[in-house]
């Protein structure tokens, strides 16, 4: 426990990408652009889903919450990463590190459950179209979002408590934020028991939602194949493709990071993978959902036209 007390007093040094100093200016410029696009795209979806009455549907209600999560996700890591890349400050206090770990695990867990609710929405829309408005009642939608937040927060609290209960040796984190596997590598004692408990928590928040999503889409695929018209099939598949792409990107990176043993975790590869799920995925989500979406494009033109008329 002496090592833990020292860590709590002195904090940690985030190595970031200092191993490649010649790449830091390129990373800084690129990440600044990506961060700006993320803020713009996700904020735009939230604004449009609030202002345009035609987007007041369960699908866009959940999508606006996903955009809010992506904004929080990037805000909890990217500003610190930019400061780190500029060389101004590479340190983080113990308290901020614990808070960041809790926030990142919370947001990730919330998104896991939220993606399930979005799959349920698509299932109801494709497989139960005549009862869709009854099934996806506003009260149920709000309850599903609340359940997503509670589930993510509780799971994160359990994982953070388990990690912070271990004595930590050293102050250097080979990452650009307080990532769970990197902190486990600083443990002074055998982490076998803690890793087993963490694995159970990760399976609950990662694998169980993924199984539900895949089950929902198995039923959706079966229902779509029973549609006789090609136009009807394309429309049904079109409403689900965007969500499936987001699910694949999110769960692919999350599973490869959090479901592998700590001893096989590569900090060097982990940093680049973390760039993908903390920066690239939140930036791409608005594009994936809106690129071929006539509803969002129409809402944008209506809002812009309203603003022009008022001027």
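Glycine is no exception: its Cβ is also placed from the backbone N, Cα and C atoms.
Automated prediction, rather than curation, is the source of TrEMBL annotations.
Over in TrEMBL, the protein carries these features:
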| type | residues | note |
| --- | --- | --- |
| TRANSMEM | 26-48 | transmembrane segment |
| DOMAIN | 41-289 | domain 'G-protein coupled receptors family 1 profile' |
| TRANSMEM | 60-78 | transmembrane segment |
| TRANSMEM | 98-118 | transmembrane segment |
| TRANSMEM | 139-158 | transmembrane segment |
| TRANSMEM | 199-220 | transmembrane segment |
| TRANSMEM | 241-260 | transmembrane segment |
| TRANSMEM | 272-291 | transmembrane segment |
### Query
For the transmembrane segment (98-118) and the transmembrane segment (26-48), does the number of C-beta pairs under 8 Å, pairs 6 or more apart in sequence, reach 3 or more?
no
### Message
Return the average pLDDT for the domain 'G-protein coupled receptors family 1 profile' (41-289) as a whole number.
### Response
89
#### Entry: Contact set, same chain, for the transmembrane segment (241-260): CB under 8 Å, 6 or more residues outside the stretch
66, 108, 111-112, 115, 118-119, 122, 179-181, 199, 202-203, 206-207, 210, 213, 217, 270, 273-274, 276-277, 281, 284-285, 288-289, 292-293
